[in-house]
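Student: Quick one: the structure is below, and I'll ask about it shortly.
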Amino acid sequence: MAVVRVRAIVALLCLVAALGLAEPLEEEDGVLVLRAANFEQALAAHRHLLVEFYAPWCGHCKALAPEYAKAAAQLKAEGSEIRLAKVDATEEAELAQQFGVRGYPTIKFFRNGDKAAPREYTAGREADDIVSWLKKRTGPAATTLTDAAAAETLVDSSEVVVIGFFKDVTSDAAKEFLLAAESVDDIPFGISSSADVFSKYQLSQDGVVLFKKFDEGRNNFEGDLTKDNLLNFIKSNQLPLVIEFTEQTAPKIFGGEIKTHILLFLPKSVSDYEGKLDNFKTAAGNFKGKILFIFIDSDHSDNQRILEFFGLKKEECPAVRLITLEEEMTKYKPESDDLTADKIKEFCNKFLEGKIKPHLMSQDLPEDWDKQPVKVLVGKNFEEVAFDENKNVFVEFYAPWCGHCKQLAPIWDKLGETYRDHENIVIAKMDSTANEVEAVKIHSFPTLKFFPAGSGRNVIDYNGERTLEGFKKFLESGGQDGAAADDDLEDLETDEETDLEEGDDDEQKIQKDEL
């Protein structure tokens, strides 16, 4: 027994010594700086820990940094036990891999030291969004408001706040309200039975009000008070009628449930800027909850890639485009360049009625498109060349800015030279940022597809080595050696997206934000 006691005492002393020797966690602007060596220490020390995995070169991360620090300072000032931390994922690759980091920034919330299932951060990238989300995750679904002062403080605390007014907070309606509150991550909720609170906000009976610091200022819920109806009400009213696309608003835009977006590309420098924006807002009021109206400053350098994605040039703006962000992104273009409220409403109504065909971009066909070993495809000649029943056509779908495409270019040119005079093999390429075709949807770059001869309109994805020998084996085998099996296609797409995220951050924007 004595030996056992001695060992226990020694173990305890070692533990105490280890804890005593643990270095204080480094901080930058109130944010903990974590590495693999101190990650466990941070989890043990803080019950609620929000961790940003970032890359130093990432533009989105740089934009987030001041807001992230501001959120940390706000929580500290309030005496909160919640801490914010960050990990340089380019330096701590194993740590990033452990938590499934594939893009930047990735933000995860750890509770009670649990590494097994951290929660993905899903709200916006402004300090208020971060603080609001964390309070929702660590506190009650709705704050109990005992008096008018408490209600006013809550309403002033965030851009959007939802308050339930219930004389009996145990009623069925109040329970439905709380269920809705638990389902919404990024909006603070309050609940009150106080006559003082009812009076302040001019309510004489039970109800729900969404308060916001824009547009109408408040929306009163009407109808049968159920969780689903409340969530639909919130979805329809939580965003401005027109929201400007920025680094900060992107998560709200793409993280929401409204997947149909109409975009106004408008330079802020144009003389009638306010008038055109007002027309857009007037039209927006007719489609709340159905179509999200987004304004993009076409003069801003950060938005040039988005213009390219829609096949627009700065001199063509103002312009309107519509996009659906379902499994396949589909773009639509109005028939008229008229940007009056009536024309915009007409365009949206026709879309909702299914009366508009998708808009497919195409460059003009170069006169010498077939004069080089690698043939140039555009939207206008794609069908004719790729689905030629007498030819086997191997196509690279690329983006001019893609680093992996640039690395592939000399190999693809050599492949073109190799089969330059072949009677039925054609090597081709298409700039998929400027050309779209109905038969093929491209999600990452480069994408390589083989269109074998015959009448079947077959398409084979290439998943082999990107070497001259690998390509030759694939072609000589009739598209068999190196072809992606059906169950490999998802992995192939995942790998490509990972490649994209390793490149310049602006290159990621289209893939991550889907614009």
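Any Cβ shown, glycine's included, is placed from N, Cα and C.
Predicted, not measured: the structure shown is a model, and the values here were computed from it.
Just lifted these from Swiss-Prot, have a look:
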- Cys58: active site, nucleophile (ACT_SITE)
- Cys61: active site, nucleophile (ACT_SITE)
- Cys402: active site, nucleophile (ACT_SITE)
- Cys405: active site, nucleophile (ACT_SITE)
- 484-507: compositional bias 'Acidic residues' (COMPBIAS)
- Cys58-Cys61: disulfide bond (DISULFID)
- Cys402-Cys405: disulfide bond (DISULFID)
- 23-139: domain 'Thioredoxin 1' (DOMAIN)
- 351-480: domain 'Thioredoxin 2' (DOMAIN)
- 512-515: motif 'Prevents secretion from ER' (MOTIF)
- 1-22: signal peptide (SIGNAL)
- Arg125: site 'Lowers pKa of C-terminal Cys of first active site' (SITE)
- Arg466: site 'Lowers pKa of C-terminal Cys of second active site' (SITE)
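Any idea what these are sitting next to in the structure?
Tutor: Counting every protein chain shown, the Cβ of Cys58 (active site, nucleophile) has 20 other Cβ atoms within 10 Å.
Under the three-state DSSP scheme, Cys61 (active site, nucleophile) falls in the helix class.
DSSP classifies Cys402 (active site, nucleophile) as coil under the three-state reduction.
A sphere of 10 angstroms centred on the C-beta of Cys405 (active site, nucleophile) encloses 20 other C-beta atoms.
Averaged over the domain 'Thioredoxin 1' (23-139), the predicted model reaches a pLDDT of 93.
Summarising the environment of Arg125 (site 'Lowers pKa of C-terminal Cys of first active site'), the number of other Cβ atoms within 10 Å of its Cβ, over all protein chains shown, is 23.
Residue environment of Arg466 (site 'Lowers pKa of C-terminal Cys of second active site') contains 16 other Cβ atoms, counted within 10 Å of its Cβ in all protein chains.
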Student: Including all protein chains shown, what's the count of other C-beta atoms within 10 A of the C-beta of Cys402 (active site, nucleophile)?
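Tutor: Neighbour count, Cβ to Cβ under the 10 Å cut-off: 21.
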Student: Specify the nearest of the recorded positions Cys58, Cys61, Arg466 to Cys405 (active site, nucleophile), where nearness means the distance between Cα atoms.
Tutor: Arg466
Student: If I take the Cα of Arg466 (site 'Lowers pKa of C-terminal Cys of second active site') as reference, which of the recorded positions Cys58, Cys61, Arg125 has the closest Cα?
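Tutor: Of all the candidates listed, Cys58 is nearest in space.
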Student: Tell me the residue counts in helix, strand and coil for the domain 'Thioredoxin 1' (23-139), as DSSP assigns them.
Tutor: 47 helix, 27 strand, 43 coil
